[in-house]
Number of protein chains: 2
Amino acid sequence: MLSEFDLIKQYFRRARTGHAVLGIGDDCALLAPTPGMQTAISTDLLIEGRHFFAGADPRMLGHKCLAVNLSDLAAMGAKPIGFTLALSLPGADPEWLEAFSNGMFALADEHDCELIGGDTTRGPLAICITVFGEIAPGHALRRDAARAGHDIWISGTLGDARLALAGYWKEVALDADDLALAAPRMHLPTPRVELGRALSVLPLAHAALDISDGLVGDLAHILDASKVGATLDVDALPAGPALAQQSLALRRRFTLAGGDDYELCFTAPAAQREAVIATAAGVGVPVTRVGRIEAEPGLRFVDAAGKPVEMDVQGWDHFSGE
Amino acid sequence: MLSEFDLIKQYFRRARTGHAVLGIGDDCALLAPTPGMQTAISTDLLIEGRHFFAGADPRMLGHKCLAVNLSDLAAMGAKPIGFTLALSLPGADPEWLEAFSNGMFALADEHDCELIGGDTTRGPLAICITVFGEIAPGHALRRDAARAGHDIWISGTLGDARLALAGYWKEVALDADDLALAAPRMHLPTPRVELGRALSVLPLAHAALDISDGLVGDLAHILDASKVGATLDVDALPAGPALAQQSLALRRRFTLAGGDDYELCFTAPAAQREAVIATAAGVGVPVTRVGRIEAEPGLRFVDAAGKPVEMDVQGWDHFSGE
């Protein structure tokens, strides 16, 4: 007789797509690394009520859990290979499990990223994914590789995920249309895997990371690791289409310190401007130049006229933040 | 200013031990696989109140979380390389963090297994470790490799972890000495990494797994995957020193269907008996021959006299079990 435990596993077992030598069902999965390639690894733990609302749509949740991990691979420029899923569930609801696994596998299939192992237990709803990718030695986009004189680039747009959250929280009055425009950025982030790979393969970009906790807080990681500073043009920051309709103050605040953007922030030499734009266009992702790396430590802000502006912003901290 | 979040990370950053090209602090860790070796990967999620008591000693908990993952590598015969740690914590208690990380790192250092990345969040106490090892192609001890005529072997002893739990639950009346004898098997399991490697390198063993949910339930995974059956000699099962002092009925029950044993169960051809014993002695781990793989499906039990006995036992199910 199948236990509830076995039934859950059924939602996650599929025909093999081929990366793993041995997939789900043994003590370990086995991967055969491509000769000469390095393995990129990232892990994220998402907790109900902190990273997503209680009662969140399971299909979108399945997408998002994997997306935030793929976004870490994108930020290194790595090619996705596979992932493990450890799942704590308060109970076994077949409808929930089917929707969750469908959302997760739809995104996994887009990126040819195979579920190779996992663990299931009863407990508060919590999802831990560990993702594996491959990258050629010396090509990883590292946080310590920014140099004075580099341009700072952002993929896509910022702030709509944060605007949606502000709408749910009634922090900002959003009409239904605006919320409908912004909400997918919060629930269904698009990991910039192809862009990250294109930037690392050539290589065009030097430093990169994915913006998950707000641009200012995340850019600080690059500045710290590279021992440099930067100036950002706060009015060049690409606001999402819903946020673009809001006040200047809100646009600045949510593009600088939103959260859940999952766009790439990367640096590249000024001589590569045309190449960066062409490469990004080649993978269908708009990129915007938003500032410059400088030798002087610290982060400074200027407006569209180049005039210094003071901004009081903080990154999003999944531990101390609410 | 360091946030609570940054403070937590400090407990887990250490000087590099050398396996990772890039460790904690970027979007991904980078590993350079040893040319020609496969990567073994396992993940386990431990939840407070289910896998360990609320208020569990943090040093022992740090040990156990990593031990159960290393035990999965041992069961494949893989050499530990590194691990990621995703941690959900209700708050940042420096004493807890120091003890937890010390317990974890003491075991990690024993096995030269490096913490290469992680994630920290606020939430219910939950610990997700994903562990990485290396093994030569074709040497992994897989669940589907048992053949009729193989001996079934068990490392170490079984049942003392379950007896300790029975003591805590007042299911069995244990005096303080017995509980003190049994409890370390529950709180501080020893992953049989060296034995697993020795069995896979030669190779001596064919099928193997680690016994985490009770021998009967776990052996069933080997029988299912290998499409074979088995007979176990219930009186040959090596009971732990505390359990050995209990009644025959309890000894049989807790050796057959305990839980948290983290011993290896493996199969090997009868012609390898001497070699198995010598190899195990070489790494200082006793092994006991407890039965035989047979072509006929199903699991049968005999007593010391070879007489069939009926046993009503079930594996431990972390989802449906309490």
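Cβ from N, Cα, C; glycine included.
TrEMBL does not curate its annotations; it predicts them automatically.
Summary of the site annotation: TrEMBL records Mg(2+) 3 binding at B:ASP27, B:ASP72. Screening the candidates B:ASP210, B:ASP213, B:ASP218 against this entry identifies B:ASP210 as the one listed for that site. Listed binding-site residues: B:THR43, B:ASP119, B:ASP213, B:ASP260. Those with a CB under 8 Å from a CB in chain A, in sequence order: B:THR43, B:ASP119. Using B:ASP213 (Mg(2+) 5 binding site) as the reference Cα, a 10 A cut-off selects B:ASP260 from the binding-site residues B:THR43, B:ASP44, B:HIS51, B:ASP72, B:ASP119, B:ASP260. Secondary structure from DSSP puts B:HIS51 (substrate binding site) in coil. Across the structure, B:HIS51 (substrate binding site) and B:ASP119 (Mg(2+) 1 binding site) are spaced 20 Å apart at their Cα atoms. A coil conformation is recorded for B:ASP213 (Mg(2+) 5 binding site) in the three-state DSSP classification, outside any helix or strand. In the three-state DSSP reading, B:ASP72 (Mg(2+) 2 binding site) counts as helix.
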